Amino acid sequence: MAYSQGGGKKKVCYYYDGDIGNYYYGQGHPMKPHRIRMTHNLLLNYGLYRKMEIYRPHKATAEEMTKYHSDEYIKFLRSIRPDNMSEYSKQMQRFNVGEDCPVFDGLFEFCQLSTGGSVAGAVKLNRQQTDMAVNWAGGLHHAKKSEASGFCYVNDIVLAILELLKYHQRVLYIDIDIHHGDGVEEAFYTTDRVMTVSFHKYGEYFPGTGDLRDIGAGKGKYYAVNFPMRDGIDDESYGQIFKPIISKVMEMYQPSAVVLQCGADSLSGDRLGCFNLTVKGHAKCVEVVKTFNLPLLMLGGGGYTIRNVARCWTYETAVALDCEIPNELPYNDYFEYFGPDFKLHISPSNMTNQNTPEYMEKIKQRLFENLRMLPHAPGVQMQAIPEDAVHEDSGDEDGEDPDKRISIRASDKRIACDEEFSDSEDEGEGGRRNVADHKKGAKKARIEEDKKETEDKKTDVKEEDKSKDNSGEKTDTKGTKSEQLSNP
């Protein structure tokens, strides 16, 4: 067994594809996949690659994606391109694609890579081949069953959790993005197999969901936990509620696997955010979750001041590895992004913390009351385990041409789009997601509408769906390889 016992160092698998940074949402759009390349390059130059196994994720197939998403929606994502948008105007409106979630070159391939890393990480954890799996390209928590939302198209988190549920009776999902993890909560709102815990800004803010009183429904009642926060929360206030709540959740729910969404838009100075966390304060959440010694899938998410996203996820990779790294940044391909101080850690701003101790304590106690309503560790009848999404031969990297592996490192050095640096650093009009779209967020009616179909897909883990249309995208053994990069 790969699992480490006690508080010792953990085995960490890390998923990254060198092409991920080449995808471009468009000029002026705050979501920049380039930040994942920056993160990767920074952690390479800190030498962290020596301490973990690095894999290139397989491209998730349409068949994998329809384990949760509707066939029509995934077919649309496969078909839509910038040059044929006029043919799909009705579908674009239906699937909420166009403004916040634009059509860009390689859109479906981007979704395949993001999802592939998260699902492959879940499979590694299921096989007990690692203690922790990291996919900074994942964590796209707003995507719905048949709808894009909040810069997210395919919900890699839901798909990874469905994979974990094949082997784990109970999975805990924790979300520290500044935005409510609405897509994940919605997917599991009526089941006790998954508990969702979200710490987020609430109010006139995207997606407009995540009220304290949203606690789940049916079998899932009390299995959705929401901590609504106000502007300006700092490290001290966040730390005072995060550890007690997660500790109580662990005590009452007793999950056997954890998924942690590490959205970095909760950092101080984020282009779309309004919290005041430092990198250390954000990473404290990783430290807390890690102490419970459970299989852990760490994912990315939001984060729109990209120099700070790279700082944060690099440091959190080091935390996962129990590795101390210096505050002085090593020289890297994107060194100029980190000026003028060229340091790893950031300072909080002087913004007012509107989260008073009284408010935080009141919310904490309300959540404790809800958690006391849970039966200790609900029993689940486990069924025959279906086939893994990533096949056994996907770990065989030795057959891959070494030059092909090395070329991924070289591809990291491609020049970013001209607008990548300047767009991310000015505040501009990037807040459109939080103002114009918050009204679209409260769509709970969809839960009841899709309840039966969704429940069938997520709770019936007896076998894979054999009735799916054979004309869908096939899983190619080569295409689904999760190749380890021996020369990162």
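Any Cβ shown, glycine's included, is placed from N, Cα and C.
Predicted, not measured: the structure shown is a model, and the values here were computed from it.
Pulled from Swiss-Prot, these are the features on record:
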BINDING   PHE188, THR191, VAL194, TYR223  Ca(2+) 2 binding site
COMPBIAS  418-428  compositional bias 'Acidic residues'
CROSSLNK  LYS75  SUMO2 cross-link
CROSSLNK  LYS439  SUMO2 cross-link
CROSSLNK  LYS452  SUMO2 cross-link
CROSSLNK  LYS458  SUMO2 cross-link
CROSSLNK  LYS462  SUMO2 cross-link
CROSSLNK  LYS478  SUMO2 cross-link
CROSSLNK  LYS481  SUMO2 cross-link
MOD_RES   CYS262  S-nitrosocysteine
MOD_RES   CYS274  S-nitrosocysteine
REGION    9-322  region 'Histone deacetylase'
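Averaged over the region 'Histone deacetylase' (9-322), the predicted model reaches a pLDDT of 98.
Secondary structure at THR191 (Ca(2+) 2 binding site), taken from DSSP and collapsed to helix, strand or coil, is coil.
The separation of CYS262 (S-nitrosocysteine) from PHE188 (Ca(2+) 2 binding site), Cα to Cα, is 19 Å. Separating the Cα atoms of CYS274 (S-nitrosocysteine) and CYS262 (S-nitrosocysteine) is a whole-number distance of 16 Å. Non-local contacts of CYS262 (S-nitrosocysteine) by the CB criterion (under 8 A, 6+ apart in sequence, same chain) comprise GLY139, ILE176, ASP177, HIS282, CYS285, VAL286, MET298, LEU299, GLY300, GLY301, CYS312, TRP313, GLU316. Counting every protein chain shown, the number of other Cβ atoms lying within 10 Å of the Cβ of PHE188 (Ca(2+) 2 binding site) is 26. The CA atom of LYS75 (SUMO2 cross-link) is located 28 Å away from the CA atom of THR191 (Ca(2+) 2 binding site).
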